[in-house]
Amino acid sequence: MALSRLRHPVICRAPLLIKARFISSTSTRPSLNRGLNSSTDVAESLLSRPISTSFVNGVRNDSSKIKFRIGVRNYSSAGLPEHTVLQMPALSPTMNQGNIAKWRKKEGDKIEVGDVICEIETDKATLEFECLEEGFLAKILVPEGSKDVPVGQPIAITVEDQDDIVNIPATISGSEAEEKPSSEQTLKQGESIQESSSVNIGTSELPPHIVLNMPALSPTMNQGNIAKWLKKEGDKIEVGDVICEIETDKATLEFESLEEGFLAKILAPEGSKEVAVGQAIAITVEDASDLEAIKASVTGDLTVKDERPVSQNTSKDVKTQKISFSRISPAAKLLISEHGLDASSLTSSGPRGTLLKGDVLAAIKSGKGSVKVSGQQEKILSSPPVHSQTSSSGQMVSKSTVQETGSYEDLPNSQIRKVIAARLLESKQSIPHLYLSTDVVLDPLLSFRKELKAKYDVKVSVNDIVIKAVAVALRNVPEANAYWDAKTDEIVLCDSVDISIAVATEKGLMTPIIRNADQKSISSISLEVKELAEKARVGKLKPNEFQGGTFSISNLGMFPVDHFCAIINPPQAGILAVGRGNQVVEPVIADDGTEKPAVVTKMHLTLSADHRVFDGKVGGTFMEALRSNFSDIKRLLL
């Protein structure tokens, strides 16, 4: 668990975890200052693997959204041009220093959005550090091979214009580069800190205490809901006690205390929604006698702003907005044109008011880029109400316009559904889907179920047997139990057969994992599926129970769905869509060698596969092995 400590005098550390961990430090010591100036809003991706995940440092400017940055933009008075200082990021929950394993870019190289600048060796793995802005690498402050570089220490300097590279001194240090942040960013930061919450903490009057921040309890979590407080104000807290239950984008998890003390003040009441990661939720003290001092000095409750897209503003407000940038990059101009955005609703972060590609992408992903309104539509929307003496046709047009604008309802989206939407879009855009279908005869499977029930009193479902059949097929065709490594452009074979099962919950689709499914009996698979499905429905899945997996199964056989095509769950390379069983009449060969009509039960299976991993031969071999398992169902017991 990530705890933020606040002692007197003030010493605050706030570990955050988004894909790994992002740090926003408010320490008063200059050597630990990790910069509170942000440059770009980015969306998170859903499943990370070592060496193929993008990490950046995170900064929170208000209570309803997270901003990320790759460094601190500075406007120094020491003769330096406008530049950005890249700092050593925190890439794991326990990381406080790292090693520069390799620089992918050299001094003077052009950097595009998404380029990997360097590889950083953490206490967990070697990860890639991606750039979120265009520019040029002007100076490497920490050479390749450097060991034990503290988190937050400057490691490089970038500039926007190539001509500014020569103006960066060869002997510049990190402290000189960070000399003076821009007054504009300082002002923005001050405003954001004031708006982040309504909690007033008089630190000069407080006894020694600890501020508990909203922790990041999953790799994709950037905000959470306080589901339930298990401790009340004034309660004694022991090491390991569960303080509250937090609803994340994946499940409802418990927040444990790592220190003894007393719960002095709850800042985020039970039921608080969309509390940003790193935001204060409670205060604890070591001495029970300090409880009253905390309650008297800390006033107000945590407030989380209700974030609304800019596009919901009235046309009058949009019309009066002024363009906040003086220059625009070609890539940004192209994106604005493609998405039909209103340029006046975008905010620039580049030097001299330049609107960058990252600014437009951030606005699109966050839903803040309003769609440009045509002149005719603007006239209709801004026109005054129709007078009662106008013609009936004019009144009809006005009424229909009013009815159209109020004929929809915005439904709040859960964090899980937001993540699912992002992953599905990523999958369809980045993975070439190959679809293979076949029908399997279900009668041997149904007879096998009855036999297990009659002889051994073992109840298993069709889905349990399907899981076993798929797992055995993957074991027999190891080329299908693989994924595509986009960084190395290679196929990676998986050592174990871990089957992800799609489970529908009220909050969205969850995919608990049956690990080593090929080595387990059908009865043990059945018990594990029931246990994991129940955990998923009540939101009690642990991260290791739904993260990972080598292959997925989506079964809609309980609905009137004959066949469908599922979308691959990245970074996996395959998912099997299972339809319902249908009785059909088809010719069969009788014992005397003649064909006779017979009623058989058939089930339709559709494989969605990553064509980079599955070519026609691998896909066909896998489907053949799968059909064989269904035709001779008892071979699954071997």
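Every residue, even glycine, has its Cβ placed from backbone N, Cα and C.
So that you can see what the record holds, here are the features copied from TrEMBL:
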type: DOMAIN; residues: 83-159; note: domain 'Lipoyl-binding'
type: REGION; residues: 171-205; note: region 'Disordered'
type: COMPBIAS; residues: 183-203; note: compositional bias 'Polar residues'
type: DOMAIN; residues: 209-285; note: domain 'Lipoyl-binding'
type: DOMAIN; residues: 327-364; note: domain 'Peripheral subunit-binding (PSBD)'
type: REGION; residues: 375-397; note: region 'Disordered'
type: COMPBIAS; residues: 382-393; note: compositional bias 'Low complexity'
Secondary structure composition of the domain 'Lipoyl-binding' (209-285) [DSSP: H/G/I, E/B, coil]: 0 helix, 39 strand, 38 coil
Per-residue pLDDT averaged over the domain 'Lipoyl-binding' (209-285), given as an integer: 86
Counts by DSSP class (helix H/G/I, strand E/B, coil) across the domain 'Lipoyl-binding' (83-159): 0 helix, 39 strand, 38 coil
The domain 'Peripheral subunit-binding (PSBD)' (327-364): DSSP-derived helix, strand, coil residue counts: 24 helix, 5 strand, 9 coil
